[in-house]
Amino acid sequence: AALRRTDVILEVGPGTGNLTVKMLEKVKKVIACEIDPRLVGELQKRVQGTCLANKLEIKVGDVLKTDLPFFDACVANLPYQISSPFVFKLLLHRPFFRCAILMFQREFALRLVAKPGTKLYCRLSINTQLLARVDHLMKVGKNNFRPPPKVESSVVRIEPKNPPPPINFQEWDGLVRIAFVRKNKTLSAAFKSSAVEQLLDHNYRIHCSLHNTVSSFFNTLNSISVYCDLHTDFFIREIPENFKIAEKIQTVLKNTGYSEKRARSMDIDDFIRVLHGFNAEGIHFS
């Protein structure tokens, strides 16, 4: 973690404080988030009456349901059951932090760093790698724990991209979610689901309605009526009576060249191109 004397560290799941105490000796402050009141008591007792006590702040409660404080780095042996939601809570947190050094179940860690075309590559992989640089640091065998768990573990370093890519993450995740439901299917097949078509049809009609509303507003202003005449296509997107979203979806996929591509082998740039192709035609995912 390359801890510094001036650092504020976020730790989730400190337990009885083995890692916490080591960090308190090296940094300005540790903010420890713990859901179990009994362990909070153990941690408080451990530092009580020492010079470390005033450097420790304990937040009691579910870290997923509370706003994260300001911190420079996150260092934690996470409760494994919250791994995925906590990673995305971290990556969407502002202001930016320097890095996170986290221990996960081995398979989860390998999914975070998986590359296109590999067996473990999934929605988690591409979403994390869109927002951060992720490195697998080391394996931790189950015999290093008392009592030994049933799973192997790994330590991962996550460094947020600052500035983040100029992409609406909700839109991005909506597209990726559809593509990875069946990652071995072609995008053409993945988008033929009736649920997907209904969602995108609904979003498309909202998009068209909003543009028509904007156009009507501008048409009431004589001072810029000429502007509206010149930009009618931009403001008004009328829906023909025989409109079918399924045909429009397939047209976008063919025009972008991704109709027969499969999510399992597509990288971040590929999905950005697909997203831009849909958005340019008024199709949105959030």
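Glycine residues also receive a Cβ, built from the backbone N, Cα and C atoms like all the rest.
Per TrEMBL, domain 'Ribosomal RNA adenine methylase transferase N-terminal' is recorded for 1-162. Feature annotation from TrEMBL assigns S-adenosyl-L-methionine binding site to G13, E34, D62, N77.
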Which of G13, E34, D62, N77, all binding-site residues, has a Cβ with the fewest other Cβ atoms inside 10 Å: D62
S-adenosyl-L-methionine site span - longest C-alpha distance across G13, E34, D62, N77, in Å: 15
